[in-house]
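Worksheet: one structure, shown below.
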Ligand SMILES: [Zn+2]
């Protein structure tokens, strides 16, 4: 794509950044700690400890407990300022200032630099923006919530569907769809082998990364899925060696799956 298009795509991604930041803050909700003992059998007749369930999303600023500003549609989405602070109490909220906006702009700019088909670029930028959101949530709380992974996948399928219709490439869409299922199935086997490692959120993200990789080809999907695991493993070795994490600490897999997919897509253009 020409430099002007790259600049416009990067600028648009940066402008969307505050919306991603709003999603990141709302969905960076940890699993609630497991209740001590069996809650349903503690003698006082309480059936279920509702507080032990993970809340679906954050509605208030954790510091001042006031509703998050700009709640938007049903409170699940709304922009938050790139300053990374609650506008009511100025407490730090979510990722560091401007980081989300800059990462979104860089990733979408790189895609615009390498991808020549307009609808493919739209579809991959959709995944990139959702991926930035999910990566920050995964790093913060080691979760990839369904309200992020599943709409991302459906949106990607639809946008690639448009790309396939425009380009007259129905077969390519079918291959991408199957590659997504294949990569997700591969991650699912890894979850079965080692439940302490990957989670089902990673499997659902694998649907999206596998589909995007499969759009570029079967071998790209295979290498991309393997590459994500490889760099995740290398990163955990480096962090262990430098004692940044302990042997029992879990690393989020989502960011590495996304980086692996991005590198492969950029490499094959
Ligand atoms: Zn606040």
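Each Cβ is built from the backbone N, Cα and C atoms, and glycine gets one as well.
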TrEMBL tags one of 197-214, 251-268 as transmembrane segment - which one?
251-268
Taking DSSP states H, G and I as helix and E and B as strand, how many residues of the domain 'Prepilin type IV endopeptidase peptidase' (127-231) are helix, strand and coil?
92 helix, 0 strand, 13 coil
Long-range environment of the transmembrane segment (148-166) - Cβ separation under 8 angstroms, sequence gap at least 6:
23, 27, 117, 119-120, 122-123, 126-127, 130-131, 133-134, 137, 172-173, 176-177, 180, 201, 204-205, 207-208, 211-212, 215
